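To start, the structure under review is shown below, and the notes come after it.
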Amino acid sequence: MASRLTLLTLLLLLLAGDRASSNPNATSSSSQDPESLQDRGEGKVATTVISKMLFVEPILEVSSLPTTNSTTNSATKITANTTDEPTTQPTTEPTTQPTIQPTQPTTQLPTDSPTQPTTGSFCPGPVTLCSDLESHSTEAVLGDALVDFSLKLYHAFSAMKKVETNMAFSPFSIASLLTQVLLGAGENTKTNLESILSYPKDFTCVHQALKGFTTKGVTSVSQIFHSPDLAIRDTFVNASRTLYSSSPRVLSNNSDANLELINTWVAKNTNNKISRLLDSLPSDTRLVLLNAIYLSAKWKTTFDPKKTRMEPFHFKNSVIKVPMMNSKKYPVAHFIDQTLKAKVGQLQLSHNLSLVILVPQNLKHRLEDMEQALSPSVFKAIMEKLEMSKFQPTLLTLPRIKVTTSQDMLSIMEKLEFFDFSYDLNLCGLTEDPDLQVSAMQHQTVLELTETGVEAAAASAISVARTLLVFEVQQPFLFVLWDQQHKFPVFMGRVYDPRA
């Protein structure tokens, strides 16, 4: 069967500007349409069930960011000053290469490559690759930061949604996009992005660490599209190619053709789960940066579809009937958390993933109250306790669900007090064009939960003892798709109505 646990997310960020740099040929290696440079994600989409996609149109100019994913916007505008005299000042700088053209330190992300003059303000330059040991040591810090960022996002999403409505989002998807934006972010934008993402200042090696989070169950691919008149810096192109396995592709002057090109990429990289992301493309669109994460996970132990039946679920002040998956001896790690007054349960999935469910302890407790009490420290304590808990045969009742969410991310960014994302974004490391602005940012998620699993249930009959543990999900709940290896949420959300 097709779907077991299916999640799809899309994030769309469109950047538009008045015009490109006055000299579009300055420091731009992306003017050649690399149609032959196919993104590596195309063959991976069909292997997973959870899919996430991010669309961005930022103009980032990479200048001196090492492999760190921390970039914030600074008020430093690097105008087209490198276009007037691209290579006439190499001898005035006592660099180690007296007469070598400094305009092509591309394809290898050199460590000590001289950056273009930036009039005193910080602007990211060539990226320094970290060793495997450094990247590995960064992963624990990144996982912890992703937990903090996920809880920030959860509360921001919850505040923007109507009361008692379903929602689902991928913090990993959004973080992946914003981290790639960091490659080209200047001063204040860099600082603010680091703060929003809960990254330490100058978080080196974050891009490689993030790449390491893509495991067999989670596939991440990226692609950049840009208008012909937009000069993208070589440093950003090379960093994106090395760290995100994508090379920019040039859009045409035909909006319909561009729309088809982008939607086709989306469909391929979400296994056709999202066949049409965009219905139209703004005429002033300059850059589209896409990141698709497709995650496949099946139940470690299969639910028997024959045991799925219509059962009561408490929704608002009424009781509705929904398809409930049932098992008398399903392996569940669970306990009662007194801080949240909630039942916490963890179900194993394939590829070292798990589904964590937090449901109010009884009908007297509301999901809203549980959400308000859910802080990063409380969440981390719960996950640590789950890690020490054993999976035991449990009488499990869990609704079959499908949740689709679409959210304007600009309002979320404002909720997170990151106002410069809309008004004063500094992407000097991506392009010299100072006029680029974010015109749209969308995040879409689809969650589908059905019975199919990886391993067949054991055929041996086991008598059910009277003391059998019970975990019933018959009222609104919060869910987390958890990466057990790297310890971070891939997806989060809540379910009020399993039918929606």
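Glycine is no exception: its Cβ is also placed from the backbone N, Cα and C atoms.
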Worksheet, complete the sentence: From the list Cys205, Cys428, Swiss-Prot names as the disulphide partner of Cys130 the residue Cys205
Fill in: Record-annotated O-linked glycosylation site (source Swiss-Prot) among candidates Thr48, Thr394, Thr450
Thr48
Discussion item. Tell me which residue from Thr88, Thr115 Swiss-Prot records as O-linked glycosylation site.
Written reply: Thr88
Worksheet item: Can you check which of Thr87, Thr92 Swiss-Prot annotates as O-linked glycosylation site?
Response: Thr92
Worksheet item: Hey, of the glycosylation sites listed (Asn238, Asn253, Asn272, Asn352), which one tops the CB count within 10 A?
Response: Asn238
